[in-house]
Protein chains: 2
Amino acid sequence: MNVFRKAEDMQAYSLKKRKEGKSIGFVPTMGYLHEGHIHLIRKARQTDDIVVLSIFVNPLQFGPSEDFERYPRDEKRDLEMAEQEKVDAVFIPDTKEMYPGPMSIQLTVRDRTDVLCGKSREGHFDGVATVLTKLFHLTQPNRAYFGLKDAQQVAVVDALIHDLNFPIELVPVPTVREEDGLAKSSRNVYLNGEERKQAPYLFKALEHGRFLVRNGVNNRETIINEVRNFIKEHTHGKIDYVDLLTYPELKPLDEIDERVILAAAVYFDNARLIDNLIFHPDGELTYDLK
Amino acid sequence: MNVFRKAEDMQAYSLKKRKEGKSIGFVPTMGYLHEGHIHLIRKARQTDDIVVLSIFVNPLQFGPSEDFERYPRDEKRDLEMAEQEKVDAVFIPDTKEMYPGPMSIQLTVRDRTDVLCGKSREGHFDGVATVLTKLFHLTQPNRAYFGLKDAQQVAVVDALIHDLNFPIELVPVPTVREEDGLAKSSRNVYLNGEERKQAPYLFKALEHGRFLVRNGVNNRETIINEVRNFIKEHTHGKIDYVDLLTYPELKPLDEIDERVILAAAVYFDNARLIDNLIFHPDGELTYDLK
């Protein structure tokens, strides 16, 4: 397995593989790999000749009061897991390698960001768009794999790729869950015992909302309120948001007559958890952006 | 010669050529080709296997009061000239093809823009950075060729490529001039007879400034004033700016002790002309960014 710490080396490798006619599947991560990431790697492995994994905790996408310093890191374990999954190349730069000085060029995401997580994380998706643009240029992927747990990120990457004409296919991959339904996340380690028991009710609340749609309820407000009440009833977490929007455009709608996302974020003592479901007006789940 | 009007077709062609191991040289233009462009094409032809020319008058880089509608266009003649120069592919999209809808992603150039032409053309370089990012993704160049007549544009492209890690070599190409020194420009057609006679004094004024540096004058203000006076003496044009800055960083400096650009812009009745010289502290001209 190739481990690159220099942008130049990563790019030279990718360009060489593309020139050899190999397809590259790219899985960008912030490390501390879990089964969700492994799932993305395996998806890439199924389709592409070469799998490139990046591990980079991107300071640009953390707000000043967020957990950049505290974000969990375990490089040794990450590299072992990548090796085990037969990843071809890992790109693991330090901050200075990615941002050697102040940037003259700024990327701003003007749409799909003033809702859901974007609402309380100002500038977060600008940082995501910036680092992905750099990483796409360094890893030259044919396909980029993203988990649908962060469905808003997938919507933003969809806009990034289309607006700037990246020659990349975005592959959204369904959320991987624990047996009790809790979405896998690096931040789950911050939950205490009691919180860990309550956390699956975030998913159950969304499933309750989807159940209502499946049974003919199609009013947005009703569904949002039902989901909120369900979360309040079963957890002591503080709700950041529950929302129901079109997907991937993330626009509000009164009645559900097209593909939607039902999403929620809840603060526990030391972790903010997010989850979502994407489904058609009949309640049928979907993982497709087309 | 391939003529592509669809972004998808252009990109498919470029990716195919790269996969075949061919190098691509890219010459972005707004059309109405003149010898300056031909010079860029020939430079690309010398180095790269495949030469791609784009012709697109980019509305994003024109201000509301600028000459977007009036900008000269002659598609038939442009294509004939490209054919004659053995260009391999011309990309000539319409506005809708490049901007099919409102963009979610915005590029802003925060540095190197509050001086020279950037000062009076708010948002101009944001538009340039945006369209070039799209064109780079569509034409997949190994090298991109830019005329140094717009030296600030070259400085911005240098920042764009470095900040976002484009795998592209920027090749700055010296300004092509008429016999009397006037820099070639699509806008020269707007000059009336008397203005055309005065226009070369823009270049002569800059050469006068460089002559002073070569002879030991190294104070910025003195040189700028001398150049301004020279222009006023020999033309009835209205000076937009005369400036002397480090290159490509475009920072002011008191005494000339590193590579600098001496640049000027002058309004004539129906055209705004720009010109510049880049030279070392000893007055020696340079066309290199390293």
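Even glycines carry a Cβ here, placed using N, Cα and C.
The active site, proton donor annotation in TrEMBL covers B:HIS37. Residues or ranges marked as ATP binding site in TrEMBL: B:30-37, B:147-150, B:VAL176, B:184-187. The feature (R)-pantoate binding site is assigned by TrEMBL to B:GLN61, B:GLN153. Annotation source TrEMBL lists beta-alanine binding site at B:GLN61.
Feature map: annotations from TrEMBL on the structure.
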| residue | record | Cβ contacts under 8 Å, 6 or more apart |
| --- | --- | --- |
| B:MET30 | ATP binding site | B:ILE55, B:PHE56, B:VAL57, B:ASN58, B:TYR71, B:SER186 |
| B:LEU33 | ATP binding site | B:ARG77, B:ASP78, B:MET81, B:ALA82 |
| B:GLY36 | ATP binding site | B:GLY147, B:LYS149, B:THR175, B:VAL176, B:ALA183, B:LYS184, B:SER185 |
| B:HIS37 | active site, proton donor | B:VAL27, B:THR29, B:MET81, B:GLY147 |
| B:GLN61 | (R)-pantoate binding site | B:GLY123, B:HIS124, B:PHE125, B:ASP126, B:GLY127, B:VAL128, B:VAL131 |
| B:LEU148 | ATP binding site | B:VAL154, B:PRO172, B:VAL173, B:PRO174, B:THR175, B:ASN276, B:ILE278, B:TYR287 |
| B:GLN153 | (R)-pantoate binding site | B:PHE125, B:VAL128, B:PHE146 |
So B:VAL176 (ATP binding site), by the Cβ count within 10 Å over all chains shown, scores 18
Within 10 angstroms of the C-beta of B:SER186 (ATP binding site), what count of other C-beta atoms is obtained when all protein chains are considered?
19
B:MET30 (ATP binding site) -> DSSP, reduced to three states, gives coil
Per DSSP, three-state class assigned to B:VAL176 (ATP binding site)
coil
